[in-house]
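Novice: What TrEMBL records for 268-278 is compositional bias 'Basic and acidic residues'. What TrEMBL lists as compositional bias 'Polar residues' is 282-291. What TrEMBL lists as compositional bias 'Basic residues' is 292-305. TrEMBL lists 127-224 with the feature domain 'Fe2OG dioxygenase'. According to TrEMBL, the feature region 'Disordered' maps to 252-305.
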Amino acid sequence: MSVKRKKDFICLERVKGKIVNILEGLELHSLVFSAVEQTRIVNYVHELQELGSKGKLKERTYTAPQKWMRGKGRVTIQFGCCYNYATDKNGNPPGILQNEIVDPIPKLFKVIIRRLIKWHVLPPTCVPDSCIVNIYDKGDCIPPHIDNHDFVRPFCTVSFVSECNIVFGTNLKVVRAGEFTGSIAIPLPVGSVLVLNGNAADVSKHCVPSVPSKRISITFRKMDDEKRPIGFVPEPDLQGIEPLAYDMDKTKRLKSPMSEPYGRRQTIGKDGKMDARGFGENGSQSEPRYSTRSRRGSANKWRVR
C-alpha cells in the first residue's frame, strides 16, 4: 500500500488587491497509517485520556473543560509545551507558556513523527518537538484561526476515528455556534495527514465545523527555538532523522506480492511500548524508496472564485 499525496490544491481569493492561491503549501497525505495502526493509536489516546481524567498527567498536559454550549469543551492533551489558546486570567497572551511544564512526547507519538519524516510527509528540517491531541465528541469544533507563530512551518494534523471537513478562507464567518462558512471545505479521511505551509498556514484561516461524530486528531508542530519552555531539552531520539531514499528501479519489485518488507515492523502494545512485529516505520506499509526526482501531482484542481 502506497501513500497517496495531493499537493495541487487551488482556491483563489483577492488578498490586498492581488489574486492569491490561499491553499498554496497545503498537502494531503492519505494511507499513511493502516487500519490496525490507527486502532492502536486511538486506543493509546483513550488510555492517555483516562490517565488525565484521573490526575495522573501533569496539570497543564490534560484539559477537559465543561461543555456549556454546542461546539465547546473538547478534550486536549498537550505534550512538549503548554500552548495558551487565548489570553488567560494571568494576562498571558496566546502562545507557548515558557514557564509551564507538561509531559514529554510519548514513545508512540515519536514513532509517528519518525514515520512522517522518513515517508516524506514533513521535511527533516522541521521535526516536531511538540504535539496536541484533540478529542472531539459529536458537535465539537475548532473556530477560525491561524496557528500561532511560536510554531514554525510546516506543521501537520493526523485524523482518526471519523472523517470531517476542514474549512479554509481569508474571511471565515461564524453562522452560529459550531457552524462556519468559508471559501472551500476539504474532507480529511481517517488515517490521513494534512500538512500546512505557505499561504495555507499564514494567509488563509482554517477551522473545523461541528463534527458529525466522535473524532481524534493529533497536531504535530516544531517550536521556534526562542519560544521553547525554559529548561526544554530536545528529545535525543528525534534528532538526525532522514527521509528514506527512493530507488525508481526497485519500485515494481517492492510492489510485487512476493516482495519482502525491507524493514522490521514494530508493534505498539497496550502500554504504548514497541516490539518488532506490528507498527513499523519501515515495514510492509512503507512506500518504495525515494529518489530526488519530483512527483507530479494530480491534474484535478479545487478552485473557488
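Placed from the backbone N, Cα and C atoms, the Cβ positions cover glycine too.
Curation plays no part in TrEMBL annotations; they are all automatic predictions.
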Novice: For the domain 'Fe2OG dioxygenase' (127-224), what does DSSP give as the number of helix, strand and coil residues?
Specialist: 5 helix, 52 strand, 41 coil
Novice: Just to confirm my parser: what is the rounded mean pLDDT across the domain 'Fe2OG dioxygenase' (127-224)?
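Specialist: Looking only at the domain 'Fe2OG dioxygenase' (127-224), pLDDT averages out to 97.
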